[in-house]
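Q: I have a structure I would like to understand better, so I am pasting it below and will then ask my questions one at a time.
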Amino acid sequence: MNRDLPVPDDHSDVPPGDTDPALHGTSEATADATYMGLALEQARAAMLQGEVPVGAVVVCDGQVVAVGHNCPVGGHDPSAHAEMQALRAAAQTLGNYRLPDCELYVTLEPCVMCAGAIMHARIKRVVYGAADPKTGACGSVVDLFAEPRLNHHAEVVGGVRRDECVGILQRFFSERRAAARARRLAAAAEATGNASDTP
Ligand SMILES: [Zn+2]
């Protein structure tokens, strides 16, 4: 991508997680949207496995070097967030635990654990879709990347393909609530049936 293209203006008035990709340089915004599309595919893969749908992609010099999706439930692994999976795979692929030339794309704002791993890996840029008001560590709950006492500061961009990234999470949780409701109703119906069978 051509980073020499003029950027229309600075966006210092845009709060974290609220960045409008349309405000970025055109080529960078297009690349961001494309890579976020790949992260969304990973989120869909997570959903098919019954995991909270979050997906991530690591890009190095314009090449996708790793993907990952959320799988803590199936993997019995509290650290198996999409970012961790993608970072591990990228480090294996590149043969280096430091990834200073890499960008990480993820559909949901990274949590504290993932922000820590991003810093250890020296990722240069983080692009996320949906803000996470419960665990987000890029400004929603805390902003670790703005903490001057920590020694690595990746550039962070939020809100890329936000509606799709939020939409897949909303669909997952609403389907899960509907399934839980159906199970409760079936259990209640069975209990009523058993009670009426009692002489
Ligand atoms: Zn995380």
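Each Cβ is built from the backbone N, Cα and C atoms, and glycine gets one as well.
Got these off TrEMBL a minute ago, pasting:
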| type | residues | note |
| --- | --- | --- |
| ACT_SITE | Glu83 | active site, proton donor |
| BINDING | His81, Cys111, Cys114 | Zn(2+) binding site |
| COMPBIAS | 1-13 | compositional bias 'Basic and acidic residues' |
| DOMAIN | 30-157 | domain 'CMP/dCMP-type deaminase' |
| REGION | 1-26 | region 'Disordered' |
Q: Cα of Cys114 (Zn(2+) binding site) to Cα of the residue listed as 'active site, proton donor': how many Å, rounded?
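A: That separation, Cα to Cα, works out to 6 Å.
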Q: Return the count of C-beta atoms lying within 10 angstroms of the C-beta of His81 (Zn(2+) binding site), excluding that atom itself.
A: 25
Q: Using the recorded Zn(2+) site (His81, Cys111, Cys114) as reference, state which further residues of the same chain have their Cβ within 8 Å of the centre of those residues' Cβ atoms, listed in sequence order.
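A: Apart from His81, Cys111, Cys114, the close residues are Ala82, Glu83, Met84, Pro110, Val112, Met113, Ala115, Ala117, Thr135, Ala137.
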Q: Do any residues at least six apart in sequence from Cys111 (Zn(2+) binding site), in the same chain, have a Cβ closer than 8 Å to its Cβ, and if so which, in order?
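A: Set apart from Cys111 (Zn(2+) binding site) by at least 6 residues yet with Cβ under 8 Å, we have His81, Asp132, Thr135, Gly136, Ala137.
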Q: Specify the secondary structure state of Glu83 (active site, proton donor) as given by DSSP, simplified to three classes.
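A: Helix, per DSSP.
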Q: What counts of helix, strand and coil residues does DSSP assign across the domain 'CMP/dCMP-type deaminase' (30-157)?
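A: Computed counts for the domain 'CMP/dCMP-type deaminase' (30-157) are 45 helix, 31 strand, 52 coil.
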Q: What number of additional C-beta atoms lies within 10 angstroms of the C-beta atom of Cys114 (Zn(2+) binding site)?
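A: If we count other Cβ atoms within 10 Å of Cys114 (Zn(2+) binding site), we arrive at 27.
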Q: Could you list the residues of the same chain, at least six apart in sequence, whose Cβ is under 8 A from the Cβ of the residue listed as 'active site, proton donor'?
A: Ala56, Gly68, Leu104, Val106, Pro110, Cys114, Ala117, Ile118
Q: How does the model score the domain 'CMP/dCMP-type deaminase' (30-157) in terms of mean pLDDT?
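A: Summing pLDDT over the domain 'CMP/dCMP-type deaminase' (30-157) and dividing by its length gives 97.
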